[in-house]
Amino acid sequence: FDSHTSDLEDVSRKIFSAHFGHLAVIFIWLSGAYFHGARFSNYTAWLSDPISIKPSAQVVWPFRSIFGQEILNGDVGGGFHGIQITSGLFHLWRACGITHSSELYATAIGALVMAGLMLFAGWFHYHKAAPKLEWFQNVESMLNHHLSVLLGCGSLGWAGHLIHISLPVNALLDAGVSPADIPLAKDYVLDAGYMAKFSQLCRGLNPFFTLNWGVYSDFLTFKGGLNPQTGSLWLTDIAHHQLAIAVLFIIAGHMYRTNWGIGHDMKALLDGHKGPVGEVGTGHAGLYEILTTSWHAQLAINLALLGSLSIIVAHHMYAMPPYPYLAIDYPTQLSLFTHHVWIGGFLIVGAGAHAAIFMIRDYDPAKNVDNLLDRVIRHRDAIISHLNWVCIWLGFHSFGLYIHNDTMRALGRPQDMFSDSAIQLQPIFAQGIQSIQAAVAGSAQAPWVGAATSPVWGGDTIAVGGKVAMSAIPLGTADFMVHHIHAFTIHVTVLILLKGVLYARNSRLVPDKAELGFAFPCDGPGRGGTCQVSAWDHVFLGLFWMYNSLSIVIFHFSWKMQSDVWGTVYPDGSVLNITVGNFAESALTINGRLRDFLWAQAASVINSYGSALSAYGLMFLAAHFVWAFSLMFLFSGRGYWQELIESIVWAHNKLKVAPAIQPRALSITQGRAVGVAHYLLGGIATTWAFFLARIISVG
């Protein structure tokens with residue numbers, strides 16, 4: 001750690017080089033996933049029957065049956081025994097048009113080549129040709145390249161892949177052609193004879209340049225909704241979307257002024273922006289300098305946006321499943337939702353952390369007088385006290401509804417409960433949004449669209465292979481109540497993180513916080529009430545509330561989908577949901593949530609011993625242990641451990657086996673860091689085991 005430097009150019013070069021290393025790790029990881037798909041998976045069998053065969057790409061090898069661990073290889077259908085996977089890669093590969101393991105091998109090797117290139121680039125751009133600081137601060141060129149090249153050309157390339165490879169292959173697969181009879185992509189992508197089978201591909205680019213775009217409407221569609229055969233978005237709709245996105249981003253990448261004297265100048269934009277209403281001082285003046293000299297500030301904004309985007313992706317993945325047969329693979333749907341929600345939560349907490357680090361290390365009050373940031377900091381008391389009031393209001397009222405319901409149900413007075421069958425609290429605004437979205441197709445808002453974006457808004461159930469792919473999601477009193485719990489927990493998380501940022505440099509209690517740094521345990525001895533007040537401690541506390549918030553979110557999602565959406569569709573069209581619609585009545589009380597969700601659904605993981613799911617039973621216990629271990633760090637005082645260590649050192653000295661280095665107890669901050677890490681690891685792994693054992697056993 002002696003190599004730490006505050007030289008901005010050197011820091012920028014190190015970060016830039018590390019990015020290439022990070023990309024190399026990602027390519028190696030992806031290569032491993034594709035190699036497993038090619039070598040150890042049942043992908044080709046799944047491709048021939050994605051309804052009754054489950055995805056598997058891991059087979060536990062028997063170790064002379066000493067342990068008997070091959071019990072974990074469950075029957076996933078088609079005579080294949082292995083561990084059921086829930087990554088969604090099989091569905092993605094089918095959407096890509098991959099039909100042979102050789103294509104997966106080629107991609108895996110290609111990813112390793114790319115990893116090697118990235119490692120070389122990381123070395124080259126640090127040791128041989130490191131960019132100058134001016135290059136890192138040239139934001140207009142950066143925006144143009146990221147928008148036009150990365151997002152624009154990236155989307156254009158994916159649109160091209162969808163049109164030339166995915167659409168023909170998926171058309172054949174949907175028509176029942178065996179994957180073995182479909183040629184490799186490399187054999188037909190340039191074969192005019194093959195393309196002639198799909199007449200729309202043979203019209204060339206002439207209609208494009210003559211603006212006669214309508215002739216492409218058979219593979220660039222506006223159908224809307226889901227494909228009833230695969231339960232996913234229409235691939236032709238996706239191709240249309242990606243092409244449109246590509247055009248928009250390529251245009252967007254020409255907006256900023258570089259070598260030619262046209263386009264926006266980012267500094268002029270920010271300096272000139274005063275806001276829509278009233279007098280807000282100097283507006284955004286000074287923000288350009290902040291964002292080009294503080295990578296913490298830049299990172300904080302990017303993390304907040306990317307984290308929010310990840311949570312939005314989580315919702316789109318189930319409402320508008322993008323890949324064929326993804327919607328009927330319930331374990332994968334639950335895993336993808338949970339994964340994207342948690343990733344989003346961690347990134348948003350990271351945004352709070354780096355914003356606070358910026359405030360302490362990079363913020364210069366003298367350069368920010370009466371601008372937007374200065375004005376926010378100066379009325380931070382009003383912001384935080386209002387946010388605190390909102391949290392108190394939401395907490396007491398939302399939790400109070402549950403307390404009321406538990407009390408009434410306990411006393412045998414169901415007619416006095418808040419429920420759909422007694423005192424109704426209908427989410428009328430959410431229901432209004434649903435009805436607007438359900439009716440949007442063909443209306444003035446979307447005249448050319450054939451159907452609403454998804455059946456979730458209201459509409460017919462889409463059944464694939466006797467399973468519900470997607471159906472309307474009814475909202476009622478139970479949803480209204482838990483949504484206010486979501487509002488409460490999210491607002492508390494925001495309160496903690498924002499307070500950490502706005503009071504990072506000073507507060508009435510500790511005026512010299514900026515001198516003490518990002519992480520300090522307490523403001524010295526003899527100064528009560530100043531522990532857990534540093535910016536780092538706000539991140540520490542924010543992590544717990546983030547975990548708390550998102551646990552309720554994923555529990556809500558898991559139970560709601562099992563209750564009201566996922567299930568079996570019978571030949572007469574009737575639907576039997578997994579938990580037979582019990583969410584609306586049971587989720588109204590705390591007791592109901594414990595009894596009918598946590599306890600009832602934990603039966604799968606608790607009773608998993610002796611089955612292929614038994615590893616989840618072991619994981620469930622081990623993760624509980626890790627979680628409980630964290631409490632030892634979170635509840636302890638440092639003095640206890642130091643005193644214990646000193647008595648142990650005394651015993652070693654008596655036996656003349658004392659080490660030369662005197663051991664020390666963890667610092668308060670270290671103890672908290674170890675505590676929160678194990679708390680989150682234990683909690684997440686417990687939930688992982690609970691969810692997967694449940695949904696694999698019933699899904």
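Quick reminder: no glycine exception, Cβ is built from N, Cα and C everywhere.
Beyond the ends of the transmembrane segment (15-38), by six or more residues, the same chain brings 57-58, 87, 89-90, 93, 101-102, 104-105, 107-109, 111-112, 114-116, 118-119, 121-123, 125-126, 130-131, 136, 295 to within a C-beta distance below 8 angstroms of the stretch. For 15-38 (among others), the entry in Swiss-Prot reads transmembrane segment, with the evidence type sequence analysis.
Residues annotated as transmembrane segment in Swiss-Prot: 104-127 (among others). Panel annotation: around the transmembrane segment (104-127), residues 13-14, 16-21, 23-25, 27-28, 30-32, 34-35, 37-39, 43, 93, 98 of the same chain, lying at least six beyond its termini, place a Cβ under 8 Å from a Cβ of the stretch.
Listed as Cβ neighbours of the transmembrane segment (143-167) (distance under 8 Å, sequence separation of 6 or more from its ends, same chain) are residues 95-97, 185, 189, 195, 198, 201, 219-220, 235-236, 238-239, 242-243, 245-250, 252-256, 258, 266. If you look up Swiss-Prot, you'll see 143-167 (among others) marked as transmembrane segment.
Per Swiss-Prot, the feature transmembrane segment maps to 238-256 (among others); the stated evidence is sequence analysis.
The feature transmembrane segment is assigned by Swiss-Prot to 295-318 (among others), with sequence analysis given as support.
Sequence annotations record features per position, and here Swiss-Prot assigns transmembrane segment to 334-360 (among others).
The feature transmembrane segment is assigned by Swiss-Prot to 382-404 (among others).
Listed as Cβ neighbours of the transmembrane segment (480-498) (distance under 8 Å, sequence separation of 6 or more from its ends, same chain) are residues 348-349, 351-352, 383-384, 387-388, 390-391, 394-395, 397-399, 401-402, 418, 425-427, 430, 538-539, 541-542, 545-546, 548-549, 552-553, 556, 587-588. Positions annotated as transmembrane segment by Swiss-Prot: 480-498 (among others).
Look at Cys531 ([4Fe-4S] cluster binding site): DSSP puts it in coil. Marked as [4Fe-4S] cluster binding site by Swiss-Prot on the basis of similarity to another entry: Cys522, Cys531.
For the transmembrane segment (538-559), the list of distant contacts is 318, 334, 337-338, 341-342, 345-346, 348-349, 352-353, 356, 482, 485-486, 489-490, 492-493, 496-497, 499-501, 532, 579, 583, 587, 593, 597-598, 601, 672-673, 676, 679-680, 683-684, 687, 691, 694-695: same-chain residues at least six beyond its ends, Cβ to Cβ under 8 Å. Feature annotation from Swiss-Prot assigns transmembrane segment to 538-559 (among others); the stated evidence is sequence analysis.
According to Swiss-Prot, the feature transmembrane segment maps to 613-635 (among others).
Other C-beta atoms found within 10 angstroms of the C-beta of His624 (chlorophyll a' binding site) number 15, with every protein chain shown included. If you look up Swiss-Prot, you'll see His624 marked as chlorophyll a' binding site, on the strength of similarity to another entry.
Its Cβ placed at the centre, Tyr640 (chlorophyll a binding site) has 10 other Cβ atoms within 10 Å. Sequence annotations record features per position, and here Swiss-Prot assigns chlorophyll a binding site to Met632, Tyr640 based on similarity to another entry.
Taking a C-beta cut-off of under 8 Å and a sequence gap of six or more, Trp641 (phylloquinone binding site) has these contacts in its own chain: Ala665, Leu666, Gly671. According to Swiss-Prot, the feature phylloquinone binding site maps to Trp641, an assignment based on similarity to another entry.
For 673-693 (among others), the entry in Swiss-Prot reads transmembrane segment, with the evidence type sequence analysis.
Panel annotation: around the transmembrane segment (238-256), residues 139-141, 143-149, 151-156, 158-159, 162-163, 166-167, 219-222, 263-266, 322 of the same chain, lying at least six beyond its termini, place a Cβ under 8 Å from a Cβ of the stretch. Between the C-alpha atoms of Met632 (chlorophyll a binding site) and His624 (chlorophyll a' binding site), the distance comes to 13 Å. Remote same-chain residues near the transmembrane segment (295-318) are listed as 11-12, 15, 326-327, 333, 336-337, 339-341, 343-348, 350-355, 357-358, 361-362, 470, 557, 561 (criterion: CB distance under 8 Å, separation of at least six residues from the stretch ends). Within the chain, the transmembrane segment (334-360) has long-range Cβ neighbours (under 8 A, six or more residues past its boundaries) at 86-88, 290, 294, 296-297, 299-301, 303-304, 306-311, 313-315, 317-318, 493, 496-498, 500-501, 504-505, 513-514, 517-518, 535-536, 538-539, 542-543, 546-547, 549-550, 553-554, 557-558, 561, 684, 687-688, 691-692, 695, 699. Once Cβ contacts within 10 Å are tallied over all protein chains shown, the binding-site residues Cys522, Cys531, Met632 are led by Cys522. Tyr640 (chlorophyll a binding site) carries a helical DSSP state (H, G or I).
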